[in-house]
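Worksheet: one structure, shown below.
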Amino acid sequence: MNCSQAPDFILLGLSSDPEKWQLFFSIFLAFYLLGLSGNLLLLLAIGADIHLHTPMYFFLSQLSLVDLCFITTTAPKILQTLWTGDGSISFSGCLTQFYFFALFADMDNLLLAVMAIDRYAAICHPLLYPLLMTPCRCELLACGSWGLAHCVSLIYALLLSQLYFHTNEGIPHFFCDFGPLLLLSCSDTHLTESLMMGLSAVLGISALFCIVSSYASIFHAVFRVPSAQGKRKALATCSSHLSVVLLFYSTVFATYLKPPSTSHSSGEVVAAVLYTLVTPTLNPFIYSLRNRDVKSSLRKILNIEKSWD
């Protein structure tokens, strides 16, 4: 087969059976619209209520913004493919999609770690919390996360741009991920794969270590609280974040816990759907349904008189 450094690709999508495309289109469209509306409403609720202008909600608004962009990176293309039956994508378009996919995935990872550190400071050092998590430091943490994610994503994209790929080949996925792309390369991908996997491992393990160590300290501090009510109140502020962490990392491990150059099964594609579409859609509902302050702000915005409690 011929090789090129900038070939056109074809995204093969979720199924080769055209009879299923309409069903998949309806499901993806429903999740996409739900994800857009949920994250936009959460951003609006946090921005409109001055009582929510705190470090915890600042980072939550950043997470909603990232999730909003995350689902927009992949969903419109798969919707177009399912509607028209044309999954063609240029090499530059594929590389651009992968760059933004990696950017927002890394941002999710980093923000979950930053939010765990914020909860650690609030619960383990409540008296020092206003001094530790000042607006300036919160903005530095957010900007640092964005900068690091941009740098890592740019490295990924530059590594892939140096490879040659088989022409007129289909990507066995519904978006441009680096695993399926490496399978189509006619270059030696060993160094590229090692660098990308190593960088991903360092970033992922570092963030996961921050989360685990923060919650180890939080649980240790909570267990020293004498009253059961005090323990419940302290843990209540972490329950939504823990739920999102478990949902995020379980889908990430299901998708990427093997070398990217190996073939991809249908189960991994399903896990990728959960990771790229379902998780960003559910995040705002996990936070809003368990949070009285967010629900109160949403009621004011939507003029809902009936209590959600």
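Note: Cβ is positioned from N, Cα and C throughout, glycine not excepted.
The domain 'G-protein coupled receptors family 1 profile' annotation in TrEMBL covers 38-287.
Taken from TrEMBL, the feature transmembrane segment applies to 21-45 (among others).
Cβ atoms under 8 Å from those of the transmembrane segment (57-78) belong to residues 11, 13-14, 28, 31-32, 35-36, 39-40, 42-43, 46-47, 89, 97, 100-101, 104-105, 107-108, 111-112, 114-115, 118, 135, 138, 141-142, 145, 174-175, 244, 276-277, 279-281, 283-284, 287, 293 of the same chain, restricted to positions at least 6 beyond its ends. Among the features that TrEMBL reports, transmembrane segment is placed at 57-78 (among others).
Same-chain residues lying 6+ beyond the ends of the transmembrane segment (98-117) with a Cβ under 8 Å from its Cβ atoms: 56, 59-60, 62-63, 66-67, 69-70, 73-74, 141-142, 145-146, 148-150, 152-154, 156-157, 160, 175-178, 181, 203-204, 206-208, 210-211, 214-215, 241, 244-245, 248, 252, 276, 280. The transmembrane segment annotation in TrEMBL covers 98-117 (among others).
A Cβ distance under 8 Å defines the sequence-distant neighbours of the transmembrane segment (138-159), meaning residues of its chain 6+ beyond its ends; these are 55, 58-59, 62, 95, 98-100, 102-104, 106-107, 110-111, 114, 117, 178, 192, 195-196, 199, 203. The transmembrane segment annotation in TrEMBL covers 138-159 (among others).
Taken from TrEMBL, the feature transmembrane segment covers 201-223 (among others).
What TrEMBL lists as transmembrane segment is 235-257 (among others). Away from its own ends, the transmembrane segment (235-257) comes close to residues 56, 63, 108-109, 112, 115-116, 119, 122-123, 179, 200, 204, 208, 211, 215, 218, 222, 267-268, 271-272, 274-275, 278-279, 282-283, 286-287, 290-291 of its chain (Cβ-Cβ under 8 Å, at least six residues beyond either end).
Sequence-distant contacts of the transmembrane segment (269-289) (same chain, six or more residues past either end, CB-CB distance under 8 Å): 14, 28, 31-32, 34-35, 38-39, 41-42, 45, 60, 63-64, 67-68, 70-71, 73-75, 101, 108, 173-175, 177, 240, 243-244, 247-248, 251-252, 254-255, 295, 298, 308. The transmembrane segment annotation in TrEMBL covers 269-289 (among others).
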